[in-house]
Structures are given as C-alpha cells and as structure tokens.
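Structure first, commentary second.
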Amino acid sequence: MHNSHEHEHEFKIPLGPQHPALKEPESFSIALKGEKILGVDIRLGYNHRGIEKACEERTFLQDVYLLERICGICSHSHSTAYVQAVEEIAGLAVPPRALYIRTLIGELERVHSHFLWLGVAGHEIGFDTLLMYTWRDREIVMDLLAQLTGNRVNYGINTIGGVRRDIAPEQGKDILAGVATLEERTKYYIQIATEETTIIKRLSGVGIISKEDALRLGAVGPTARASGVDRDIRREDPYAAYAELDFDVITDDHCDVYGRTVVRLKELMESFKIIRQIVARIPDGPIAVRAPRKIPAGEAFSRYEAPRGEDVHYVKSNGGEKPERVKVRAPTLANVQTVKHMLKDRFLADMPIVVAAIDPCFSCTDRMVGIRRLDGEKKEILGWESLRSFSLGWHRARGFDVTIAEKRLHQLMEH
Amino acid sequence: MNALFLILIFPGFLFLALFGLFAEFIDRKLYARMQNRQGPPWFQPLADFIKLLGKEDIVPDEANVRMFRLMPLFALTAVVSSIIYIPLWKTGALYSFSGDLVVVLYLLTLPTLTFFIGGWYSTSLYARIGSVRSLTQMFAYEVPLFMGLFSPALLADSWTLSDISRFYIDHPMYCFFNLIGFGVALVALLGKLEKAPFDIPEAETEIVAGTFTEYSGRLYAFFRLAIDIEMVVGASLLAAVFLPFGLKDEAAIGFLIYILKVVLVVFLLTLARTIFARLRIDQMVRFCWKYLVPLALLQLLIVLFLKGVLLQ
C-alpha cells in the first residue's frame with residue numbers, strides 16, 4: 001500500500017512501559033507518519049499477579065480480601081461480584097440492610113472513580129486545573145468512604161453473607177451533606193465540559209466508535225453507553241438493592257471521548273440520586289448472616305456494573321473450604337479491544353486521551369493463559385497454531401470437519 | 001568596565017536571571033493558587049536551578065555532542081542580548097539604532113531554533129517529535145506576533161523601540177488604540193514560551209518532555225533559565241510597546257512600574273495557562289492563521305485609519 005518513499009517518513013515510537021501518560025506499565029508501540037497514527041501495537045502483561053491462581057490456594061473468606069486487591073479503584077466491585085457468586089452457590093439469603101449498604105458503598109465508589117477519571121482526562125489533554133479541582137472534590141467522597149468503612153481504598157466491608165459494618169443514622173447526615181456539595185461541583189463540571197472551547201476541541205470527534213463496532217467488539221460500561229448502547233447491569237440484571245431503587249441509565253450518541261465524558265458526568269448525578277434514596281429507605285435489621293466454612297459444590301456466575309463497566313466473576317466450588325476456580329473478567333478486558341479501533345488515523349496527541357477514555361485498569365486485565373499438553377512427555381505450553389490443529393483433529397475424530405465449513409464460508413464471502 | 005557591568009550585572013545577565021527566576025516563581029505560585037494548591041516558596045526556582053547545576057550532565061551516545069552542549073548557551077545568549085534594545089523604565093534603551101525592533105524580534109526567535117536544533121541532535125524520538133512541533137508552531141505564531149508588534153511601530157512611525165517610547169510620552173493615551181494588537185501579541189507570546197494551551201512541543205502525556213527529554217543537569221538548567229529570561233524579555237517588550245505608563249516618572253518609581261508591568265503580563269500568561277486545555281498542533285496552527293492573523297491585520301488597518309484621519 002505504501003511506496004518506499006512514504007516508508008521513509010514512518011517511524012515507531014514507544015509509549016510505555018514507562019511513560020508519563022500511563023499510570024500503570026503497559027506498552028503501546030505507535031507507528032507514526034508525521035503526527036498521524038498509522039497503527040498501534042498493544043502489549044499487556046507487565047502487571048500479571050496470578051490472583052486467580054492464588055484464590056485457589058485460599059479459603060472462600062480469604063479470597064474476598066484478595067480479590068478486593070485486584071484494583072484499587074473498583075475494589076468494592078470485585079469483592080461484591082465475588083461474594084454474590086459465593087452466596088449464590090451457598091444459597092445464603094443476604095439481609096436487605098446489608099444489600100443496601102453494599103449498594104451505597106458501590107455508588108460512592110462510582111462517584112470517586114468518575115471524579116478520578118475526570119481529573120485524569122483533564123491531565124491527559126494538558127488541562128491540569130481540572131485535575132486539581134476534581135481531585136480536591138474527590139477527597140469529600142474519599143473521606144465519606146473512610147468514615148463508613150475505615151479505609152480510603154480496599155474498603156473491606158463485604159463478607160460472605162452480608163457486610164461487616166453498620167451505618168449509624170448520623171452517618172447518613174454526613175453522606176447527604178457530602179453528596180449535596182458534590183452535586184453542586186458536578187453541575188459545575190458538566191457546565192465546564194460542555195461549554196469550554198478547548199476541552200470540546202480536544203474531546204469531540206476523537207476516538208470515535210460506532211454503536212455497531214461497540215457491540216461487535218463487546219464494549220461495556222460508559223464506553224458502550226456513550227456509543228448509544230443502552231446497557232447497564234444495574235438495570236438488566238439487578239443485584240444488591242438496585243431492583244428497588246429508581247435511576248436512569250445514561251446513554252449518549254456522540255460515540256466519541258466527549259460522549260464518554262458526558263455519560264460519566266451524568267452518571268454522577270444518577271449516583272447522587274441513588275445515594276439519597278438509599279439513605280432515606282435503608283431498612284432495619286441484621287447486616288449479615290452466618291456463612292458456612294465449606295461452600296457446597298456448585299458454580300455461579302455473577303455480574304456487577306463497576307464504574308468502568310460490567311465486571312464478571314465466575315466461582316466454582318467442589319464442596320471444600322477453597323474454591324476450585326475463580327475467574328475474573330474485568331471491564332477493561334472488554335473495552336481494550338476498542339482502543340485500537342478508535343486510534344485509527346487519529347493524531348498522536350489524541351493517543352493519551354483515547355486510551356484514558358475507556359478508563360483502563362491494566363492490572364485488572366492482565367491475564368496469562370497457558371494451555372499445557374497433558375499427554376506426551378514434554379509439558380510444553382501450546383501456541384495458537386498447535387491449539388488450532390488440536391481442535392481440528394478433535395472435531396475430525398468426532399465426525400466434523402471444520403475446515404470444509406470454513407472453506408465454504410470463504411467461498412461465500414468471495415462471491 | 002561600565003559596559004561589562006551593564007552586560008553582566010544590570011540590566012544584563014545577573015538581573016535578568018534573578019528577575020527570570022522571580023517571574024517563574026510568580027507564574028508557578030499564581031498557577032498553584034488558581035488551582036487551589038499551596039504552590040512553591042519564593043526561592044523554589046532558584047533552588048531548582050542550583051540543584052540542576054549540581055546534577056550530572058548526560059549526553060546520549062547518539063547525540064551530536066557539540067550541538068547538544070552549545071544550544072542551551074545559545075538560547076541564553078540570544079535572550080540576554082535582546083534586552084539591550086528594549087527600553088525598560090525610562091524612554092531610552094541601553095543601546096538603540098534605527099530598526100532595532102526587528103532585531104529584538106529576531107533575537108527572540110533564536111531560542112525556538114535552539115530548541116529545535118537541540119532536540120533534533122539529541123536523537124531521541126520524543127525530542128525529535130517535540131523539536132519538529134516547536135518549529136511548526138513557530139511558523140504559526142511568529143507572523144501574528146510580528147504584525148501585532150508592528151502596529152505601535154506604525155503608529156509611532158518608527159521601527160526603533162526607544163523612539164516608540166518617546167512617541168508615547170507625548171501621546172500616552174494612544175496605547176489604547178493598540179489593545180487588539182496587545183491581545184494578539186500576548187497569545188503569540190504564549191506560543192513562543194510554549195506554555196499551555198500551546199505547550200504542544202513539551203506535551204508531557206504524549207512525548208514526555210519533548211525537546212528537553214534528553215537534557216539533564218547544567219545544560220537543562222541553562223535551557224530553563226533561558227526560558228525564564230525569555231518570559232521576562234517578552235513581557236518587557238510587550239510592556240514597552242503596548243503599556244507606556246510611568247515613562248516620565250523618576251528612575252525608582254519607573255523601575256517599580258516596569259516590574260509591575262512585567263508581572264501583569266506574566267499574570268495574564270499564567271491565567272491563560274490555567275483556564276485552557278492543550279490544543280493539538282493542527283488546531284494551534286489553524287487557530288493562529290484563522291483568528292490571530294486576521295485580528296492583527298484588523299489592528300494594522302485601525303492604526304492606518306487613525307493615522308490617516310486623526311493624526312493629520
């Protein structure tokens with residue numbers, strides 16, 4: 001496609017693993033021609049911690065605290081998704097008050113996460129004033145979380161069968177006061193984001209992903225909702241107390257970074273609405289039921305709308321004290337595929353904000369999948385090609401020849 | 001002896017260096033206060049400078065050593081020399097000749113060229129992108145800056161900075177005719193100093209530190225000092241041609257007013273840096289040619305009209 005003359009002006013610049021734009025180590029290799037991006041090579045894997053495997057070595061209760069540490073920002077999301085799965089396997093009826101408290105912490109977490117994101121987005125487009133303002137206001141919700149749970153991050157409020165701390169009535173007043181201030185500030189930020197010229201210039205039309213592509217690439221959370229995908233687990237598959245609460249799912253048709261900003265800001269207003277309802281309606285009663293040490297055999301699948309999108313946990317128990325398998329699919333894994341798409345033919349200057357706009361958490365996402373050959377002498381890790389040929393052979397032995405269907409598909413596509 | 005004092009001490013290198021560091025402090029402190037932060041203490045820029053002087057100079061293996069080492073000194077020399085022709089508080093500059101406004105503008109162009117050459121010869125990818133960006137940016141802001149500064153010259157019928165000041169003594173209110181030109185020159189100065197929203201050549205989140213990515217130690221300290229002094233010189237130039245106040249006062253008061261004028265310009269630069277996000281390079285170039293140049297042309301038209309009608 002390119003002639004040799006054009007190739008002379010192309011070069012690759014590394015963004016990462018260590019780079020000021022990135023908060024975690026990951027590597028983007030950008031092929032540039034002048035300021036235009038020709039292609040992006042994303043390499044993850046600098047943050048792999050083997051948490052899923054570590055979960056199999058610990059008891060169900062210990063895993064709550066381990067999984068909470070998958071992510072510092074959405075720690076409550078991961079622990080809630082996990083305890084929900086375990087409670088489902090064990091058939092525990094969690095008291096309503098506990099569900100409300102979980103929801104409350106979850107929404108406060110969303111508020112702090114979205115504020116944090118707004119600041120990071122400001123920094124990525126060289127608008128540090130926004131960063132300083134939002135992170136100052138974020139302290140209000142961090143203080144609230146510290147007051148309610150004892151921790152600013154990794155709240156440790158979830159336990160299997162309920163929550164560990166109750167909320168006193170006077171704490172409700174503090175929450176309402178904090179939420180009132182935050183709501184004022186959020187209105188101001190909505191005004192800034194929708195009226196300030198340089199912000200709009202840097203955000204609108206950048207990182208476009210159409211609704212079809214968002215669906216095809218499996219985008220979740222604000223990234224999908226900003227492309228008009230009306231999907232929110234809190235409404236689709238209500239967990240905790242969301243079925244009894246009244247809120248709107250925010251969507252936007254801009255399909256760009258500007259849309260993602262607007263969606264997050266408006267979601268903040270919805271979160272404030274939810275928090276107010278929780279403080280007003282929280283039922284009385286116990287905050288936890290006793291959970292057995294050994295969880296009966298079974299498996300469960302739990303979905304949670306984390307601030308960054310749908311977080312999925314799968315837990316399998318074999319009837320012992322430790323889970324047989326815990327599988328985590330963090331929202332960034334679903335969204336990261338869209339980044340490559342969004343960056344096509346954009347400018348180098350758009351790179352940081354486009355990556356930041358999916359609100360990536362790479363340590364949540366980092367996985368290592370290795371499939372070992374069980375037969376044979378060598379315990380080698382299978383590559384893609386050998387896995388494929390293994391799969392073809394496996395199917396052929398059972399009477400299916402996948403290659404014939406594949407060839408026919410290619411023929412159809414050519415015509 | 002007297003000449004050496006003028007060049008090295010006052011108003012030459014030492015005064016400019018200290019004033020530059022002070023201007024950096026004003027800039028950083030105001031920036032911080034407007035962002036709801038505490039900000040640095042008054043001696044922080046000096047402390048940073050001394051600390052950098054004590055650090056190791058690292059020159060990349062691939063870099064052209066001579067160019068890499070020379071450029072910071074070049075930048076510093078260029079900005080310090082340009083102060084000679086700018087009248088600071090009284091009407092006369094240290095030295096002046098017919099057409100020195102043009103020379104000052106060219107001397108102020110040199111730092112950008114040294115950024116380009118220094119970044120280019122340090123051979124780092126980030127530095128090269130940054131240096132190309134600073135050159136691209138130069139072509140965008142230089143024309144409106146020149147045109148903005150030429151309108152007072154047209155008004156005073158002289159290309160000599162000292163003559164412009166002398167003209168203003170007789171007609172102090174005429175400076176209000178040049179408000180548009182002042183605005184244009186101020187925005188262009190933002191580009192020259194590579195400050196947000198035009199800090200594109202140093203965009204931290206894209207290309208680390210741009211041109212200065214490979215610079216460290218003494219060389220980086222001199223580059224930073226050159227930028228600080230460039231800010232003071234640029235502000236002095238704007239003050240001289242657009243803010244002709246306190247020219248008749250005696251030296252002490254005139255000096256104080258001069259300092260205040262420079263601080264005012266620095267404040268305006270800081271304000272812009274606080275309230276705007278960084279533009280993209282294409283947006284920056286478009287903005288300069290689409291809005292700044294027509295505004296500067298409008299200013300020139302106004303001045304020509306006034307000269308034709310009012311000053312007959």
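Cβ from N, Cα, C; glycine included.
As recorded in TrEMBL:
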type	residues	note
REGION	A:1-20	region 'Disordered'
COMPBIAS	A:1-12	compositional bias 'Basic and acidic residues'
BINDING	A:GLU52, A:VAL328	Mg(2+) binding site
BINDING	A:CYS71, A:CYS74, A:CYS361	Ni(2+) binding site
BINDING	A:CYS74, A:CYS364	Fe cation binding site
DOMAIN	A:125-293	domain 'NADH-quinone oxidoreductase subunit D'
DOMAIN	A:294-367	domain 'NADH-quinone oxidoreductase subunit D'
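What TrEMBL annotates, mapped onto the structure for a quick look.
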residue  : record                 : CB count, 10 Å
A:GLU52  : Mg(2+) binding site    : 18
A:CYS71  : Ni(2+) binding site    : 26
A:CYS74  : Ni(2+) binding site    : 29
A:VAL328 : Mg(2+) binding site    : 22
A:CYS361 : Ni(2+) binding site    : 26
A:CYS364 : Fe cation binding site : 26
Seminar exercise, completed: Other than A:CYS71, A:CYS74, A:CYS361, the chain contributes near Ni(2+) (Cβ within 8 Å of their centroid) the residues A:ILE70, A:GLY72, A:ILE73, A:SER75, A:SER77, A:HIS78, A:ALA306, A:ARG308, A:ALA330, A:PRO331, A:THR332, A:SER363, A:CYS364
Problem set entry | Between A:CYS364 (Fe cation binding site) and A:CYS74 (Ni(2+) binding site): CA-CA distance (Å) | 9
Exercise. Just checking: which of A:GLU52, A:CYS71, A:VAL328 have a Cα that is within 10 Å of the Cα of A:CYS364 (Fe cation binding site), counting only these binding-site residues?
Worked result: A:CYS71, A:VAL328
Seminar exercise, completed: Across the domain 'NADH-quinone oxidoreductase subunit D' (A:294-367), the model's average pLDDT, rounded to a whole number, is 86
Problem set entry | Three-state composition of the domain 'NADH-quinone oxidoreductase subunit D' (A:294-367), taking helix and strand from DSSP | 26 helix, 26 strand, 22 coil
Exercise. According to DSSP, does A:CYS71 (Ni(2+) binding site) fall in a helix, a strand, or coil?
Worked result: coil
For this session: Between A:VAL328 (Mg(2+) binding site) and A:CYS71 (Ni(2+) binding site), find the distance joining the two CA atoms and give it rounded to the nearest Å.
Result: 12
Problem set entry | Rounded to the nearest Å - Cα separation of A:CYS361 (Ni(2+) binding site) and A:GLU52 (Mg(2+) binding site) | 17
For this session: Round to the nearest Å and give the CA-to-CA distance linking A:CYS71 (Ni(2+) binding site) with A:GLU52 (Mg(2+) binding site).
Result: 13
